[in-house]
Each structure stands twice: as structure tokens, then as C-alpha cells.
């Protein structure tokens, strides 16, 4: 463990990371690839908590835009994250990684309810914990969930795994070829520059609790391991 920079991490995975090229739904071969990457890091002795998004299933904001009540639309999105969490748990356990799912909305037949002390105990015992159903409340993103859970668990860093984007830019690099990549930023830089990395609530929570953020490209094999070993890839956000 002497060559590991981060001992306890929170990995934020988008729902799209589990969908692969198809963009929607659950893609088992793609999830298995993600699980194998996570296993590499787990085998180093790193304690790993995961927050999964649900954008491959549903987005609450999109539901609200077509006339649904926003709270109801958000609850549907939370259920989507539970499906993703169960699929990821299955893949992780298939490669020999003990995994627990905890949900912010109780559904005891399929997962444990979120209990902070129990989650920490799982991590200490070498189990991965996947947090699903967001915060359990509408209007809060899974990015905010990641910042909240990282704060509660005393995680050292949030690993923000992105699809095909290798860090934070001053413009969308997929649209603007002149977009400039940042290698280091502070949390206030994120807020003041209006950089769309995570929402303001999540950024403020991370800043107030002194949690670093590393944004990197999930599509490059081995990147999660590189980050926890301290290799400077992507963009690191830390300090006020």
C-alpha cells in the first residue's frame, strides 16, 4: 500500500458507462469490463465505494420537461440507479469481488438500506459498497450523492469517471477543437468559471469537506488504477 496515493476512494460512474456504445439500457459485457477495472484497484487494497448514475435508464429533468411532476420523475431516475447497481454488483461478484448494494430508498429484498457505519464497516472488511437511489430525495443529482457519501465516509477523493473525456476543459472538446484542458483547478475555480463538471451543490459540498476530485477518461483501460497510484492524468480539483 506504500505506493498508493488514495486509500479510500469514491468512484462516481455515470449510467452511460454501463451502457457502452448503445447509449441506453444495461450492456453486460460493458459492465464486466468496468468490473474488471475496479477489481484491479480493489486488489491493491484500496477501499472503494461507488455511486452510480441512472442516465442510461432515465433522467428526471427530461421527464419534467415533458410535463411530469419533477419529484415523480426524479424518483423514477432513482430506481434506474438501483438497476444499474444490481447489475454492477453481479459483475463484480462474478470476478471475485465481495460487493454490497445500499439504497437510500429502502427495498430490503434486493439491497441493504443505507447505514453509514455499516457502509464503513464493509469497506474496512474489504468489500465494495455501491450506493444507489441517489440521496433518496428528489432534486438532488447523483453528483451531489457522490459528494455527500464521500463526506460521510471520509473518502480522500472522488474519482469522476467520464466517457471519452480526459479531464476538464474550458469548452466542450467534442464541439470546440480549440478547447483548453485544465490539469489542476480549485473547487472555487469550478464554481466561478461555471465549468460543468458537477453541479454547484456537489462542488460546494466537496470544497467544504476538503475532498479532492479527479476527472478522467473511463474509456482508457487502467486509468482508475493510475489515479489511485498517483499518476497525474485528467484534471485534479482540490483546495478552495
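Every residue gets a Cβ built from N, Cα and C, even glycine.
What Swiss-Prot says about this protein:
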{"type": "BINDING", "residues": "12, 13, 14, 15, 55, 59, 163, 169, 172", "note": "ATP binding site"}
{"type": "BINDING", "residues": "54, 74, 135, 136, 137, 138, 139, 140, 141, 142", "note": "UMP binding site"}
{"type": "REGION", "residues": "20-25", "note": "region 'Involved in allosteric activation by GTP'"}
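Sequence features annotated in Swiss-Prot and their locations in the structure.
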residue: 12; record: ATP binding site; Cβ contacts under 8 Å, 6 or more apart: 50, 51, 53, 142, 143, 146, 158, 159, 160, 161
residue: 14; record: ATP binding site; Cβ contacts under 8 Å, 6 or more apart: 53, 55, 56, 161, 162, 163
residue: 54; record: UMP binding site; Cβ contacts under 8 Å, 6 or more apart: 15, 77, 78, 79, 80, 81, 83, 84, 142
residue: 135; record: UMP binding site; Cβ contacts under 8 Å, 6 or more apart: 104, 144, 145, 148
residue: 137; record: UMP binding site; Cβ contacts under 8 Å, 6 or more apart: 104
residue: 139; record: UMP binding site; Cβ contacts under 8 Å, 6 or more apart: 70, 71, 74
residue: 141; record: UMP binding site; Cβ contacts under 8 Å, 6 or more apart: 134, 198, 199, 201, 202
residue: 172; record: ATP binding site; Cβ contacts under 8 Å, 6 or more apart: 179
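According to DSSP, residue 12 (ATP binding site) is assigned to a strand segment. Other Cβ atoms within 10 Å of the Cβ of residue 55 (ATP binding site) number 22 in total over all chains. Within 8 Å of the centroid defined by the CB atoms of 54, 74, 135, 136, 137, 138, 139, 140, 141, 142, the record's UMP site, lie the Cβ atoms of 60, 77, 78, 134, 144, 145, excluding the listed residues themselves.
Per-residue pLDDT, averaged over the region 'Involved in allosteric activation by GTP' (20-25), rounds to 82. Across the residues the record lists as binding UMP (54, 74, 135, 136, 137, 138, 139, 140, 141, 142), the two Cα atoms farthest apart are 15 Å from each other. The Cβ of residue 163 (ATP binding site) has 14 other Cβ atoms within 10 Å, all protein chains considered. Counting residue by residue with DSSP, the region 'Involved in allosteric activation by GTP' (20-25) contains 3 helix, 0 strand, 3 coil. Residue pairs drawn from 12, 13, 14, 15, 55, 59, 163, 169, 172, the listed ATP binders, are separated by up to 24 Å at the Cα level.
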